[in-house]
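Chemist: Straight out of Swiss-Prot:
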- Asp399: active site, charge relay system (ACT_SITE)
- His439: active site, charge relay system (ACT_SITE)
- Asp258, Asp261, Val263, Asp265, Ile267: Ca(2+) binding site (BINDING)
- Cys28-Cys75: disulfide bond (DISULFID)
- Cys63-Cys114: disulfide bond (DISULFID)
- Cys187-Cys440: disulfide bond (DISULFID)
- Cys257-Cys274: disulfide bond (DISULFID)
- Cys283-Cys291: disulfide bond (DISULFID)
- Cys506-Cys520: disulfide bond (DISULFID)
- Asn13: N-linked glycosylation site (CARBOHYD)
- Asn53: N-linked glycosylation site (CARBOHYD)
- Asn85: N-linked glycosylation site (CARBOHYD)
- Asn98: N-linked glycosylation site (CARBOHYD)
- Asn138: N-linked glycosylation site (CARBOHYD)
- Asn235: N-linked glycosylation site (CARBOHYD)
- Asn419: N-linked glycosylation site (CARBOHYD)
- 1-19: signal peptide (SIGNAL)
Amino acid sequence: MKVSLWLTLLGVNLSLALAVGTDFPASCQAFSPDTRAANAHREFTEYVPAGTNLSLPYNDATCARPNQVVTVDLCRVALYVETSNRSSVTTEIWLPRNWTGRFLGTGNGGIDGCIKYEDLAYGAANGFAVVGSNNGHNGTTAASFYQNSDVLADFAWRALHLSTVIGKEITQAFYGEPHRKSYYLGCSLGGRQGINSAVEFPDDFDGIIAGSPAVDFNSLVSWRASFFPITGSANSTDFISVSTWKDLIHAEVLTQCDTLDCVNDGIIEDPSLCNFCPEALKCTDDRINNCLSPAQVEIVRKVFSPMYGEDGQLIFPAMQPGSELEAADQLYTGKPFRYSKEWFQYVVYNPSWDPAEFDIHDAKVADDLNPQNIRTWPNDLSNYEKRGGKIITFHGQQDGKITSFNTERFYNHLATAMNMSSSELDNFFRFFRISGMSHCSSGPGAWAFGQGGSPAPAMTPFNGNENILAALVAWVEHGVAPETITGTKYVDDNPELGISIRRSHCRFVIQLNHGRHELCY
């Protein structure tokens, strides 16, 4: 549906704007935007005071978000919007007392339909009116996609766009004035959502943070599906155990590549420089323990190789060395990766599809299908650039769910397709490689830099040097583009225990030089 029609259906009456500054709790409780139209329903409005540990009893258990601590006074508005006669979106708008005039949209993850309440709390704590949705379905399964293109449309693009449009109107109705600037924050699937928004709805956001973006989505699904046939099941003869990946293989990766950056710290600054040779672990007459059979060496080689299609074209780049600690638990378990399994069963084929039979022809079928144009591999972001939009993307260099090489590939693809040099592309699109970070967060490196609502990033001071969201605000509102992002590693990832390390992360294609006092060059 067209946006104008959605606004009519929502029935927001801007004349009902409240004087929220006088008595915020009462203003919130009295706030009742008109949602009487059949397909937009206000589920509730509630005042949530600072310090509340908000219980979320109706949140699907698979989302693993039973509660959320709220650190500022806010007004919580929940809406249920029918997007067709067989699909709907649940949306929440959090309106803080300390509103700065900024609006923030948030994304989702995996194939799920889970509101990221931690990101709503993070945005509200920093003065944003913030919106999030269930992306058109509840929980972490893809089952609701089966033979339902409307639910897929919500998942691929509609839920975020619709929630953003509605969220902005609710914001104006509540505060009595429109937002000044609009931002987006998402990682993984949420990163893909951000890039897609820049392409399809360039006016939705003035600035976008697209972390570890799941771009070239269909090929990503196939790449993840490929690992089960490569590794075999856990009871197969040459299966490499999770502990072997984490201990033996990861240790050898570090032996070969850790000091390429001149520092022996368990972190590979630039995995693209690591040409890992698994043959170093091959069993010999003199080495019969803590080694790999020839078949296992070949498995490791395949894991660290790009995926090519039937005609020899690249489907997806290789997994980067150094990712073993996370990837072993996600992709090398001897079981199908669930997101890929369910995507093929409920979107590409049918529930009887056997993930053990995956081959490169399935990758072609999936990409040819490209439901709701979910691929997200644009050749052109000029419409977003021309309206003054700014994009920051980042990717952990130890990501064990989406290889960081894909974001580097995407950056280079955009530069080539748009006929831009790196300096020209960097005028509106900047990419930061985060050494020592796993998928979106965690890892041995300095991985906390304000990228979302988990405790460590949420504790990051809101300034452009240390906080990526603040850096985006500075770029959009003051024209100050980020050259580096300073990340923090807390002791045991607990901010209350103090800082372990801090490190600057450079914008691509610039690298960090440890030998020059950690200067980007």
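Keep in mind that glycine also has a Cβ here, set from the backbone N, Cα and C atoms.
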Chemist: Any idea what DSSP makes of Cys283 (disulfide bond), helix, strand or coil?
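Modeler: DSSP assigns Cys283 (disulfide bond) to coil.
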Chemist: Going by DSSP, is Asn138 (N-linked glycosylation site) part of a helix, a strand, or coil?
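Modeler: Going by the DSSP assignment, Asn138 (N-linked glycosylation site) belongs to neither helix nor strand, so it counts as coil.
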Chemist: May I ask which of the recorded positions Asp258, Asp261, Asp265, Asp399 is closest to Asn138 (N-linked glycosylation site) if we compare their C-alpha atoms?
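Modeler: Checking each of Asp258, Asp261, Asp265, Asp399 against Asn138 (N-linked glycosylation site), the shortest Cα distance is to Asp399.
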Chemist: Using other CB atoms within 10 angstroms as the count, which residue among the disulfide-bonded residues Cys274, Cys440 scores least?
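Modeler: Ranked by other Cβ atoms within 10 Å, the disulfide-bonded residues Cys274, Cys440 bottom out at Cys274.
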Chemist: Relative to the Cα of Cys187 (disulfide bond), which of the recorded positions Asp258, Asp261, Val263, Ile267, Asp399 has the closest Cα?
Modeler: Asp399
Chemist: Can you tell me which of the recorded positions Cys28, Asn98, His439 is spatially closest to Asn235 (N-linked glycosylation site)? Compare CA atoms only.
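Modeler: Nearest in space to Asn235 (N-linked glycosylation site), counting only the recorded positions, is His439.
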Chemist: Work through the binding-site residues one by one (Asp261, Val263, Asp265, Ile267) and name whichever has its CA nearest to the CA of Cys63 (disulfide bond).
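Modeler: Nearest listed residue in space: Ile267.
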Chemist: Starting from the Cα of His439 (active site, charge relay system), work out which of the recorded positions (Asn53, Asp399, Asn419) are within 10 Å.
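Modeler: Neighbours among recorded positions, in sequence order: Asp399.
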Chemist: Between the recorded positions Cys114, Val263, whose Cβ has more other Cβ atoms within 10 Å than any of the rest?
Modeler: Cys114
Chemist: Taking the Cα atoms as reference points, how far is Cys257 (disulfide bond) from Val263 (Ca(2+) binding site) in Å?
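Modeler: With the alpha carbons as reference points, the distance is 10 Å.
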Chemist: CA-CA, which of the recorded positions Asp258, Asp265, Ile267, Cys283, Asp399 lies nearest Cys28 (disulfide bond)?
Modeler: Asp399
Chemist: Could you tell me which three-state DSSP class Ile267 (Ca(2+) binding site) falls into?
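Modeler: Coil, per DSSP.
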Chemist: For the C-alpha pair, I'd like the distance in angstrom between Asn53 (N-linked glycosylation site) and Ile267 (Ca(2+) binding site), rounded off.
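Modeler: Asn53 (N-linked glycosylation site) and Ile267 (Ca(2+) binding site) have their Cα atoms 36 Å apart.
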Chemist: Of Asn85, Asp399, Asn419, which recorded positions come within 10 Å of Cys440 (disulfide bond), going by C-alpha to C-alpha distance?
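Modeler: For Cys440 (disulfide bond), the recorded positions whose Cα atoms are within 10 Å come to Asp399.
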Chemist: When the number of other CB atoms within 10 A of each residue's CB is tallied over all shown chains, which of the recorded positions Cys63, Cys75, Cys187, Ile267 has the maximum?
Modeler: Cys187
Chemist: Find, among the glycosylation sites listed as Asn98, Asn138, Asn419, the one whose Cβ has the highest number of other Cβ atoms within 10 Å in the structure shown.
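Modeler: The residue with the densest Cβ neighbourhood is Asn138.
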